[in-house]
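Per TrEMBL, active site, schiff-base intermediate with substrate is recorded for Ser587. Sequence annotations record features per position, and here TrEMBL assigns compositional bias 'Basic residues' to 15-31. Per TrEMBL, the feature compositional bias 'Low complexity' maps to 32-41. Positions annotated as domain 'C2' by TrEMBL: 22-147. The feature domain 'EF-hand' is assigned by TrEMBL to 180-210, 211-246. Annotation comment: TrEMBL describes Ser587 as pyruvic acid (Ser). Annotation comment: TrEMBL describes 1-41 as region 'Disordered'.
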Amino acid sequence: MGNGNSTEAKESRRSKMRQKIQNFRSRRRLSRPGSGSVSGLVSQRSVSADDFAGIALLTLIGAEMKFKDKWLACVSFGEQTFRSQISDSTEKPIWNSEKKLLLEKNGPSLARISVFETNRLLKNNIVGYCELDLLEFVVQEPDSACKSFDLLDPASSNVVGSMFVSCSVEDPVETETCFAKRILSIVDYDEDGKLSFSEFSDLMNAFGNIVAANKKEELFKAADLNGDGVVTIDELAALLAVQQEQEPIINSCPVCGEALQLDKLNAMIHMTLCFDEGTGNQTMTGGFLTDRQASYGWMFKLSEWTHLSTYDVGLNTGSSASHIVVIDRKTKRLMEELIDSKIVMSMRAIYQSKIGLRLMDQGAKEILQNLSEKQGKKMNTVESAQNIPSFLEFFKDQINMAEVKYPLDHFKTFNEFFVRELKPGARPIACMDQDDVAVSAADCRLMSFQSVDDSTRFWIKGRKFSIKGLLGNDVQSDAFLDGSLVIFRLAPQDYHRFHSPVSGVIEKFVNVSGSLYTVNPIAVNSKYCNVFTENKRTVVIISTAEFGKVAFVAIGATMVGSITFVRQEGDHVKKGDELGYFSFGGSTVISVFEKDSIKIDEDLLANSARSLETLVTVGMQLGVSFPKIENCVIEP
């Protein structure tokens with residue numbers, strides 16, 4: 001009879017543990033990308049002890065808005081975005097949504113909070129945003145007090161409401177101290193802060209280590225230092241510390257079931273992020289790349305990828321999808337590039353199929369040429385200025401009018417606005433007094449490759465692409481054949497003046513006639529056409545003391561029939577000096593460096609190896625000349 005009761009009690013405990021773990025897993029499943037890694041990062045990439053800065057618990061408490069609606073809040077941090085639930089119709093939404101975020105010393109610390117109104121069936125509209133540095137926030141507010149932030153209109157920077165946030169950061173020491181408590185909480189059925197042998201046994205089983213499961217009695221005795229028949233938090237912490245260093249006993253996370261890395265630190269980080277023990281508030285839903293995707297929720301969630309660090313994010317969101325995602329170099333945050341879905345479908349039909357390119361050969365090239373010329377003339381008329389407000393509204397969170405040299409009423413045509421100048425100092429130049437440091441030539445989406453072969457492996461898919469084809473027959477290209485390649489792609493919303501990436505003397509200009517294909521990744525990634533070697537372009541050869549000769553190629557594109565230079569042959573230019581500008585549309589500049597003349601910055605190369613464009617601005621450091629390899633980055 002007693003044995004029966006014991007068996008029933010044991011089964012009851014196991015059932016209770018399974019239910020508890022299932023509850024944890026179901027909650028975690030809502031906040032992780034697909035069925036993969038914790039927070040989309042930890043299981044795919046090791047975090048070193050030197051780089052681990054702590055774990056932040058960010059809570060979106062609520063907001064005060066200027067009108068009544070249903071509201072949704074999103075948090076974008078690095079390469080991950082999370083969303084709250086939708087509030088009731090109110091002027092003062094309350095979310096109490098929390099999320100744990102991994103902080104690294106060399107990683108992102110700036111979180112962007114976006115608030116969307118959700119009363120529309122087909123479109124959620126961003127109303128305001130704020131940004132906060134999590135590490136600075138905690139220094140200023142050490143007690144995790146609720147703090148109010150102004151919500152800014154993305155278009156005008158006017159205050160449209162207030163956001164109430166709290167944040168606390170658990171430093172590495174605290175994480176290690178609390179680790180055992182989190183582990184113990186799963187199987188501490190009577191919640192007395194101690195584990196009986198039965199509870200300890202269930203915990204070993206949950207760790208997924210067969211060897212450890214078979215040594216439960218031995219491990220329990222080793223943990224029970226005072227011999228009182230139970231294992232306390234301190235005793236469990238000591239056991240985990242010793243065993244994880246000598247003979248790891250944790251193979252899989254008891255919450256999400258995912259296989260863990262063997263080192264203690266990363267296993268600890270994974271499970272700390274996995275355990276939603278915080279305040280018990282609603283955990284935010286994750287699995288999104290950008291706040292725009294998150295605002296549409298399930299629609300993007302269904303098509304999301306499992307592991308951010310294992311897929312070619314650029315290609316998956318460029319040539320084979322309806323949206324383009326780039327990474328902001330300054331904030332290390334993924335951002336979505338806006339482009340009309342109908343245009344995307346048209347470009348895919350043309351550039352990603354043999355049929356589409358056959359149309360090009362049968363006269364569509366001439367159609368694009370005529371269309372570009374016609375559109376160019378239209379954008380130079382006084383009537384075209386009427387298009388400026390709608391253009392700014394479409395790109396309202398991607399154009400900062402505060403940087404523009406002249407007020408909006410200064411521009412009498414759309415093209416005047418399109419080639420707008422910026423205020424002096426708006427684009428500081430990295431290491432201005434060091435000519436052995438090259439800089440970004442444009443506000444753009446940048447791809448960089450240490451060798452031309454890398455560029456064709458990761459990005460340029462045209463079968464016939466070559467440096468000789470890019471530079472044309474009138475440029476001696478032998479010195480560039482095995483060189484480094486940097487692609488600066490300008491989108492329509494970008495500042496459209498391009499600048500010299502190096503200091504030197506302009507030797508010559510060479511005009512190369514050609515087509516006007518789009519320079520969108522959909523076309524660049526097409527194996528059926530060769531955008532860079534077939535488009536109209538101008539090649540500028542710059543002679544430098546530090547990098548040898550540098551080929552600077554300005555490439556025209558659909559709607560960009562005009563490339564205007566403001567420099568002449570024989571001019572001496574300093575890096576950052578303006579070279580010219582593109583008229584209406586988006587286009588591309590390519591810089592080709594001689595072999596072994598430049599060491600491109602590692603973060604740019606790493607992003608490009610993932611087919612992920614990096615959002616940069618004029619003057620940001622691009623790389624340094626060999627043999628001097630130093631990092632001299634100024635704050636962008």
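In case you wondered, yes, glycine gets a Cβ from its N, Cα and C as well.
Because TrEMBL annotations are produced automatically, they should be read as predictions rather than curated entries.
Here the domain 'EF-hand' (211-246) has long-range neighbours at 176-177, 179-181, 183-184, 193-197, 200-201, 204-205, 263-264, 267, meaning same-chain residues at least 6 beyond its ends whose C-beta is under 8 angstroms from one of its own. Mean model confidence of the domain 'C2' (22-147) amounts to 78 (pLDDT, 0 to 100 scale). For the residue listed as 'active site, schiff-base intermediate with substrate', the count of additional Cβ atoms within 10 Å of its Cβ stands at 33 [all protein chains shown].
Counted with DSSP, the domain 'EF-hand' (180-210) comes out as 19 helix, 2 strand, 10 coil. Taking H, G and I as helix, E and B as strand and the rest as coil, DSSP gives the domain 'EF-hand' (211-246) the counts 26 helix, 2 strand, 8 coil.
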